[in-house]
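Features reported for this protein in TrEMBL:
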type	residues	note
DOMAIN	B:266-342	domain 'B5'
BINDING	B:Asp320, B:Asp326, B:Glu329, B:Asp330	Mg(2+) binding site
Amino acid sequence: MELTLNEKRLLVALEATGSVDAAVLAEKMDARREAVVQYANLAGERGLVDVDKHVSRRYVPTEEGRAYMEKGLPERQVLESFEETIPMRDLQRHPLAKIAIGWMRKKGWIAIRDGVVEKTGRTAPGPDEAAFARLSESGAIEDGVGVGDLVKRGLAIEEETVAYTVSITPRGRELLSGGLDLREEVETLTREQILSGEWKDLPLRRYDVTKLPRRAYPGKTHPYQRIIDEMRRTLFDMGFEEMAGGIVQSSFWNFDALFQPQDHPAREMQDTFFLGERWPLPAGYERVRDMHEHGGETSSTGWGGTWSAAKAEQCVLRTHTTSLSIQHLASHPTPPVKAFCIGRVYRREAVDPTHLAEFEQLEGIVMDEGVNFRHLLGFLKEFYAKMGFEKVRFRPGYFPYTEPSVEPEVYVDGLGWVELGGAGIFREEVTAPFGIEHKVLAWGLGISRVAMLRLGLRDLRQLYRSDVEWVRETPTYGGRR
Amino acid sequence: MAIITLPYRYLERLAGTDRQTIIDRVPMIGADIERIEEDHVDVEFFPDRPDLYSPEGVARAMRGFLGIEEGLPAYTVRPSGITFSVDPGLAGIRPYLGSAVIRNVNLDEEAIESLMALQEALHWAVGRGRGKVAIGVHDLDAITPPFRYIASPRSRSFVPLDFEREMTMEEMLADHPKGRDYAHLVEKFDRFPLIVDADDRVLSFPPIINGELTRVTSATKNILLDCTGTDQKAVMTAVNIICTALAEAGATIESVTVKGEEMPTLAPAERVVSVAECSSLLGLSLTGEEISRLLRRMRFGAEPDGDSRVRVLVPCYRSDILHDWDVFEDVAIAYGIENFDAVLPETSTVAQEHPIPAIAGAVRSVMIGLGYLEMMPFTLSNERVLYANMQREPAPGTLRVLHPISEEQTVVRTDLLPLLMEMLQANKHRELPQRLFAVGDVVEDCVTSQQAAAVSIHPAADFSEAYAAADVLCRELSLSYTVTESADPAFLDGRRGDIVVDGRIVGVFGEIHPAVLGAFDLEHPVAALALDLTAVPGYPALPGTP
């Protein structure tokens with residue numbers, strides 16, 4: 001049994017008397033009584049001492065009570081200040097009259113007739129006065145008749161005293177007789193103690209491992225950023241180059257270059273954040289215009305109608321990172337290109353637990369000689385598997401800038417098949433105007449949805465307006481669900 | 001997206017198969033099952049396939065996909081002898097008209113509802129909210145040909161649908177529910193589009209409302225269809241989809257002479273596609289014969305044209321076929337997406353991290369080392385948080401969105417620090433100290449750049465803590481910097497410093513001004529810093545910014 005030094009000192013202090021009040025022990029051990037009780041409780045748990053707690057009550061006068069101690073209760077003092085009768089007006093001049101007159105009437109000592117106060121003759125002291133007399137003599141009393149009245153009048157208060165008697169047990173005695181090492185315990189080893197080798201002989205304070213430590217909070221990456229970084233790592237592992245770009249895009253790059261017709265509903269102001277700014281169109285924009293109007297040099301008919309340059313110049317907050325992909329391809333038309341981007345995109349949506357006006361999108365593109373639809377499915381399977389979604393299936397999909405298009409679905413335990421992103425091969429109407437001669441596989445997904453699944457969130461806003469407690473308590477590793 | 005109600009009994013009769021087969025297989029032609037009910041199923045189809053917005057259209061596609069009836073559906077069109085003139089005065093208003101006569105329709109209540117639903121879905125998907133195309137169906141037996149599509153004075157009156165009294169067209173825009181909904185499409189014109197018969201009786205005020213005169217009921221046997229709009233191609237798409245759907249239901253179609261031209265023809269468009277191009281897109285080695293067989297299941301007419309080509313007849317209702325690849329996607333769907341073997345290409349490529357996320361990653365590791373917790377605040381904010389609360393003047397290049405959806409999100413953030421202050425406010429009830437940082441995009445003058453910012457709140461937070469953190473961050477990012485006294489009103493005078501690199505102020509740090517603390521409802525001192533990451537050596541210019 002490893003005792004603390006204080007427990008040992010307690011046993012030594014008990015050696016002579018065997019059983020003693022904690023206050024006495026405290027004096028003996030030169031410690032506070034509370035500390036001694038704490039040591040005694042520890043030793044008590046080990047069966048070395050018994051601790052008896054006695055609770056006692058006594059009554060002591062309050063400040064007001066003390067003021068009356070010499071001369072008696074106010075009503076007695078006032079009663080004795082006059083003979084048989086006195087006009088009320090005169091009596092009221094007595095400094096204690098305010099308190100006393102009420103009590104005198106209540107106790108039936110006086111009667112008041114026509115403004116004159118008259119003694120009734122029944123003025124013997126009651127039990128309260130007797131108790132007050134005892135209290136005045138001794139300064140504190142245990143209990144008794146009349147004390148309750150004094151407490152009610154605020155002249156005395158009850159005091160609870162707790163006393164502890166500590167007694168050594170036979171086991172304690174046994175231990176004591178075996179001899180105890182009473183050297184001071186060491187908490188933190190000093191440099192000198194380590195260097196000199198003194199540590200070998202020191203009694204080291206033992207710590208209680210069942211007690212929880214102080215809770216520390218490390219600085220850390222946001223749980224959502226960790227998922228983003230994991231996706232980036234996956235794409236690096238698959239040989240992809242990272243893209244980055246501006247939040248503000250012209251409609252030309254956000255829509256027109258992607259063969260999204262100018263009257264497409266996504267291009268209306270209720271779906272997209274438009275800005276007052278305009279950007280000039282890039283050189284060669286006419287090829288995009290021709291594609292919209294009649295399909296350019298390809299087998300396409302185009303959308304028909306007249307394409308408006310003014311509409312294409314309007315700036316928007318990018319609605320997808322595909323606007324970056326097409327610009328990357330336009331400036332890197334030589335195969336192979338494997339690139340990805342994770343960035344914030346914007347939709348004009350009212351914010352609620354499952355809809356946000358901004359969220360992260362991941363997008364990957366592969367342009368190479370001879371790539372085809374089966375390769376697209378191959379990349380998707382590989383990517384989703386690395387993200388922890390082993391079961392993936394595909395359904396036909398529709399996106400204005402890809403053909404063929406598919407909608408990947410992943411199997412999530414408890415939810416079943418969940419649609420997660422979209423994919424396809426860029427239409428020739430998208431690639432031809434920029435001289436991109438090979439097929440481009442493309443896929444994208446909203447990663448806030450993945451984060452919701454992985455972090456078990458009900459409210460998407462938690463990702464962006466986070467509760468500090470949630471970030472602190474979400475583990476850095478092993479959060480995958 | 002359009003959600004189409006498919007009643008089982010009707011669909012089973014048209015498709016020639018049972019409901020379970022349809023429910024199981026319809027997703028594989030590109031649809032989402034929304035709800036399965038006792039007597040019907042609600043299905044969502046993609047916006048590029050308005051031909052599937054009716055039970056008749058779905059049955060037609062499913063018969064092919066399930067191998068019950070393959071190849072091009074044949075529709076015969078006889079001339080009705082009816083003519084329809086178009087007033088040249090409509091040129092700048094609503095110039096295009098498509099029309100057809102549909103005879104021997106058998107309209108019970110369910111069929112009328114289905115026709116109205118198809119009309120509404122087409123208004124949305126093809127008509128872009130009736131602006132591009134608006135559709136009207138009329139009881140032909142209530143009126144007398146020839147018909148005229150004219151630009152009428154706005155004061156012309158007639159009894160509109162669902163009303164009992166005559167109103168002027170101007171009154172309709174103000175008082176009729178449909179008038180109020182669609183007034184924006186015509187109110188700017190001096191004259192309004194109007195369709196009248198030989199006796200000058202009104203059929204319709206497109207794109208607003210039909211006349212009560214030609215209301216279609218279960219007693220209607222013959223229909224006159226009008227589609228008006230601003231785009232000829234879209235107008236004919238609507239005509240073709242409605243005519244072929246009703247023909248599938250058993251009606252006969254007759255053509256109308258519009259401006260001397262017989263319409264509709266319901267004739268397919270021909271496209272000769274390459275076998276090799278199809279195979280290389282899909283990664284399959286298909287013969288012309290195989291491609292043809294697959295396309296016939298998707299209701300195309302298709303025959304090999306030599307070894308290397310396939311002659312494809314595209315049904316008139318397939319408005320989504322713009323390009324040969326659109327045909328090839330149908331080959332893939334008929335082949336079955338689930339039957340494709342997924343493979344990875346063999347080309348080897350080397351991964352490359354972009355320098356901007358790399359710099360952000362470096363900021364993260366430094367701030368985490370200092371015990372800071374990462375936050376990822378919204379990029380959309382407002383001027384109260386960004387400027388007023390911070391006692392700062394609005395940045396001159398602040399981007400305001402034109403039609404904000406709430407007062408909270410009206411501008412793109414130009415600075416991260418105010419958003420971290422807001423985050424402290426939201427977390428006021430959480431244990432202190434709180435040390436938070438963020439790294440991310442800020443936008444000024446349309447140019448996106450990156451910033452890092454950090455805040456520390458606790459009873460002993462002070463200038464020295466902010467200075468130490470700013471110093472570590474700069475040193476770890478290899479920034480050689482100097483510090484001068486700052487004039488930033490968000491910070492306390494005498495307890496604020498500007499970070500200067502090559503003579504440019506690129507950051508600020510210090511103790512947040514107590515008035516700013518008050519504005520964010522905070523009760524303890526905050527030590528803070530912000531750093532423009534474009535100052536970091538190796539920071540690249542962003543592509544796509546002018």
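For all residues, glycine too, the Cβ spot is worked out from N, Cα and C.
Those binding-site residues from the list B:Asp326, B:Glu329, B:Asp330 that have a Cβ under 8 Å from chain A Cβ atoms: B:Asp326, B:Glu329. In terms of DSSP helix, strand and coil, the domain 'B5' (B:266-342) has 33 helix, 17 strand, 27 coil. Every protein chain shown contributes to the tally, and the Cβ of B:Asp326 (Mg(2+) binding site) ends up with 20 other Cβ atoms within 10 Å.
The 10 Å shell around the Cβ of B:Glu329 (Mg(2+) binding site) contains 27 further Cβ atoms across the protein chains shown. For B:Asp330 (Mg(2+) binding site), the same-chain residues that are 6 or more apart in sequence and have a Cβ closer than 8 Å to its Cβ are B:Leu294, B:Leu295, B:Met298, B:Phe300.
Around the Cβ of B:Asp320 (Mg(2+) binding site), the same chain contributes B:Asp48, B:Arg49, B:Asp326, each under 8 angstroms and 6 or more positions distant in sequence. Confidence annotation: the domain 'B5' (B:266-342) carries a mean pLDDT of 96 in the model.
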